[in-house]
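J.: According to TrEMBL:
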type     : residues                                    : note
BINDING  : GLY73, GLU74, SER75, ARG134, ILE166, ARG167 : L-glutamine binding site
ACT_SITE : CYS104                                      : active site, nucleophile
ACT_SITE : HIS211                                      : active site, charge relay system
ACT_SITE : GLU213                                      : active site, charge relay system
Amino acid sequence: MSSQFSCYKIKFYQIIMNFIESSQQISVGVLALQGAFQEHIHMLQSIPKVSSVLPVRTAEQLGSIDALIIPGGESTTIALVAEHSGIWENLKEFVRQKPTWGTCAGMILLANEANNTKKGGQKLLGGLDIKVNRNHFGSQIDSFESLLHISHITSSPEDPFPAVFIRAPTISTINSLDVEILAKLENNVDETDASTVVAVKQGHLLATAFHPELTNDNRIHKYFVEQAINYIATRQNGKKEISLVDGNQNIQKPT
């Protein structure tokens, strides 16, 4: 009888642990209309807290995910394809409610304002209280790499992140105290100051001017997933926000 009871206890424990583990996983989509989306998918597949990765091309697919990455590419083209495919308004609604990370062109699309746009202007999803300069560093032949210290992600200056910049934008203006600066250039690049901001976070939105998916370092992807899990849990229960990065606790009202 005691052995049977012990068996039930083990099974019950396994069920509870499986439930806890599944509640700490999320499904992440990568907007797959144009650009470097496949590289993000490969990177996300290396993260245990990601239950599934989905290339997103339709409103139905967008509605099935917990968080989204908007990849690098050509921001004007991504916006045009999204509009023609009927997903643009769904994207605007998504980024206002759910965790979203924009890399390079994705950062441009998440900005509320943009300079150096093509003739006719640039459609933006918005959400980040920043102004960006498109293609600030020039053409693709002007691409470069820079070692960055990134708040919450790199543990020390001796452990920098290898950032890849390709036709990258920069942030020219930050228009809200709610925008947290995560990274600045460590060195001058041509006429660009070393203090130039290249990564920010505002609420559930994250943006990087560079391409983490083109490296072998998945720390920023892990950070985004952890922050997304934290944000979703906070909205669901309205309780204390627990940082999954450094263990600090902060009171945060759901937005």
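Including glycine, each Cβ sits where the backbone N, Cα and C put it.
Any idea what these are sitting next to in the structure?
T.: ILE166 (L-glutamine binding site) has a Cβ environment of 20 other Cβ atoms inside 10 Å.
All protein chains considered, the CB of CYS104 (active site, nucleophile) has 30 other CB atoms within 10 Å.
Cβ neighbours within 10 Å of HIS211 (active site, charge relay system), excluding its own Cβ and spanning all shown chains: 23.
When Cβ atoms from all protein chains are considered, those within 10 Å of GLU213 (active site, charge relay system) total 26, not counting its own.
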J.: Same chain only, sequence gap of 6 or more: which residues have a CB within under 8 Å of the CB of SER75 (L-glutamine binding site)?
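T.: Expected: ALA105, GLY106, ILE108, LEU109, ALA114, GLN122, ARG134.
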J.: Compare the C-alpha of ARG167 (L-glutamine binding site) with the C-alpha of each of the active-site residues CYS104, HIS211, GLU213, and give the closest one.
T.: CYS104
J.: Given the active-site residues CYS104, HIS211, GLU213, state which is nearest to GLY73 (L-glutamine binding site) when distance is taken between Cα atoms.
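T.: Among CYS104, HIS211, GLU213, CYS104.
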J.: Neighbourhood of the L-glutamine site (GLY73, GLU74, SER75, ARG134, ILE166, ARG167): other residues with Cβ within 8 Å of the Cβ centroid, in order?
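T.: Along the chain, the qualifying residues are GLY35, GLY72, CYS104, ALA105, ILE108, ASN135, PRO169.
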J.: Looking only at GLY73, GLU74, SER75, ARG134, ILE166, ARG167, which the record lists for L-glutamine, tell me the maximum pairwise CA distance in angstrom.
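T.: Value for the max Cα separation, rounded to a whole number: 13 Å.
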